[in-house]
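TrEMBL annotations:
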- 9-495: domain 'Major facilitator superfamily (MFS) profile' (DOMAIN)
- 12-32: transmembrane segment (TRANSMEM)
- 44-63: transmembrane segment (TRANSMEM)
- 75-94: transmembrane segment (TRANSMEM)
- 100-121: transmembrane segment (TRANSMEM)
- 163-183: transmembrane segment (TRANSMEM)
- 195-216: transmembrane segment (TRANSMEM)
- 222-245: transmembrane segment (TRANSMEM)
- 266-289: transmembrane segment (TRANSMEM)
- 301-318: transmembrane segment (TRANSMEM)
- 357-380: transmembrane segment (TRANSMEM)
- 401-420: transmembrane segment (TRANSMEM)
- 472-490: transmembrane segment (TRANSMEM)
- 527-550: region 'Disordered' (REGION)
- 527-537: compositional bias 'Low complexity' (COMPBIAS)
Amino acid sequence: MTHKQVLESLSGLLLGMFVSILAGTVVSTSLPLIVSDLDGDQSAYTWVVTGTLLATTVSTPLWGKFADLFNRKLLIQLALGIFVLGSALAGFSQDTSTLIIFRVLQGLGAGGLAALSQIIMADIISPRDRGKYAGLFGAVMAVGTVGGPLLGGVVTDAFGWRWNFFIALPVAIAAIILLQRTLHLPRHPKRKVHIDYLGAVLIAGGVSLLMVWVTLAGNQFGWASLASVLMVAGAAVLLIAAVLVEFKSPEPIIPLSMFKNRTFTLAVVASISVGVSMFGTSVFLAQYMQLARGATPTESGLLTIPMMAGLLISSTYFGRVISRTGKWKAVMISGAALTVVGSVLLGTLAYDTNLVLVGIYMALLGAGLGMLMQNLVLVVQNSIEVKNLGVATSAVTFFRSLGGTVGVSVLGSVLGTIVASEIKEGITALAPADQAAAAVALGSGSIPKISELPDTIAVLVESAYGVGVGSVFLYSVPLAVITLLAVIFLPNASLGRQNAVQLKNAAAGTTAAASVGAAAPAAGAPVSVAPAAPAPGEGDDSAQTRDEEISDSELRILADVATGAVGLVDPLSPVQTADSDPGRP
C-alpha cells in the first residue's frame, strides 16, 4: 500500500481509538467528584475503575478470536457501538452501583477496540514500517490522554460530571461512518467456524471471581478469611478447567501452544507488569492531585501533562528510530529501566512534594511506558504465525489489562488501608474539639471533598493520601523490575518487512505450489504453478480494497453473540456486506 492508502485506512481506526481513549480519560480527573457525589466510598471508587478493566480484560481474548474467524471491520464497528452505548448510559447513573454496571458495558466495547485496532494495524503495516506511524498513534494517545482529563475537568466545572459521558458521542458516530468509508480489508476466507463458548465462560468466570476477591479482600473480609479461601479456590478450579478445555478445543480462545514461543511468553510477563504501571498511574495520580494537593479536576488534568508528554515524545521518536534501524531491544530495555526509576521516584511522594519534581518523576515513567507498550505487541506480532495473529495480539492486551485490573484492585485496597490508618493515627493527635469535627466530617467513610473540610482536617486527609499514594508506587517497583528482566531475555529477532496480508498471500502461494507439485505426473516433469496473489501495493490494487465478505453463518453467530451479551436489538441492520459496501471499488 502507498503512504496515502495507509493513511486513508488508518483514519477511521485512529478516530475509533481516540473515542475509546477520550471516553475513558475524560472522566478520570472527575472520578473522585463523581464517586463523592454518588455517596460512594474508596471501594466504590476502585470498582468504578475495576469494573471497566474487568470487562475489558475478559472480553479482549474473545474479540481477538473473533478477529481470526470473522469480518474485522464489522467487529470493530460493533465494539465501538457497544462502547458508546455504555458511555451514554453511564451518564444517567443515579448511584455507584448503576455506574459500575454501565462502566462494565463500556469495558466490553473497549476490549474490542483495544484488540482490534492492533490487529488491523498489523494487516495494513509491516512490523519494520510500523514505527513510521507511531507518531500518529502517539498523537492520538497523547491528545486523548492529556486532552481528555483537561476537557473532563473543564466540562465538570462548567456543566457537571454527567456531560463527560456524553461528550464523545458525536465523535463516535463519525468514527463508525469513517470506518465504513475508509477501512478496506481483503476478503475473509469462508470456512466453518467453531467458537469455544465453554472455554470463554470458564475464563470469564475464573478471572471475574479473582477480580472480585482482590477488590473486596481487606475491606469487606480479611485476606486470610474463609471467604478469601473459597473465592481463590473457586477461581483456581474455573481457570484449571479452562486450561483443560483449551487443550482439547479445535478453536481455543487462547491457544496454549503459543506459550512455547519464548517471545510471546516473555512479552506476556512484561505486559502484566506494564498494565499495573499504566492503569495504576492514571488512577492514583488523579487521587493524589485532588486529595493530597487539593487540586480541582481541571488542575489535576493539567498537572498530569508531564507523564503524557513523556509517553508521546518517547513513543514517537523511538518508533521512528526502530523503523530506521530495525533495532528494538535497546529501546525496550531502556524503557523498562526508566519505568523502574520512575516508579521508585514516585514512591517518594508526599502531600508537600515539590510539584516540579512530581512532574519530572511522571515524565520519566511516561517515557518508559511509551518505549514499551506498543513495542511489546510489535515483537509478538513479528514472531507469531500469521494464522494466530488475532489471538496472539489480543492475548498480550488481555494480560496487560489483567495486570492493570489486579493491580488497581490490590493497590486500591492497599491505599484504602494506609489512608484509613494514617487518618486514624492523625485524629488521635488532634484536640478533642477537632476530633469531634473529624468524626462528623469523615464518619461516613466516603471519599471526602477537600474544599469542604476544615483546614485542620483537610491537612490531615491530604497528608494521609500523600503517604498512601507514595506507598502504592513503592509496591509497584518489584513488578517494574520483572518487566526489565523479561525484556532483557527477549530474543533479539529482526523485524519483518511484510504486513499480515502479504504474509497470508505468501503462505497461500506456498500452499498452492506444494499442492501442484504433489500432483505432478512424474519426477522432473515441467509443472506450471500459478503465482501468488500480488501483495498490497503491487500489481492490481483491487484485491486490497475489497471489503471482507460476511457469510450468513458468520452473521448469525455474531448476532447471537451481540444480542445475548449486550442486548442489542438488531446489530446487523446497519451492516453492509462486501457486495453492498458503498466504499468498495
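Backbone N, Cα and C atoms are what each Cβ position is placed from, and that goes for glycine too.
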| Looking at the stretches 75-94, 100-121, 195-216, 266-289, 301-318, which one shares the most CB pairs under 8 Å with the transmembrane segment (163-183)? | 75-94
| request: Quickly jot the same-chain residues contacting the transmembrane segment (12-32) by Cβ under 8 Å, restricted to those at least six beyond its ends, or write none. | output: 45, 48-49, 52, 76, 80, 83-84, 87, 106, 109-110, 113-114, 117, 120-121, 136-137, 140-141, 143-145, 147-149, 151-153, 155-156, 161, 164-165, 167-168, 171-172, 174-176, 178-183, 282-283, 286-287, 289-291, 297-298, 300-301, 304, 447
| said: Please report, as numbers and ranges, the same-chain residues at least 6 past the borders of the transmembrane segment (222-245) whose CB is under 8 Å from any CB of it. | reply: 196, 198-199, 202-203, 205-207, 209-210, 212-213, 216, 252, 256
| task | Quick one: find which recorded stretch in 44-63, 195-216, 266-289, 301-318 has the most Cβ pairs under 8 Å with the transmembrane segment (401-420). | result | 266-289
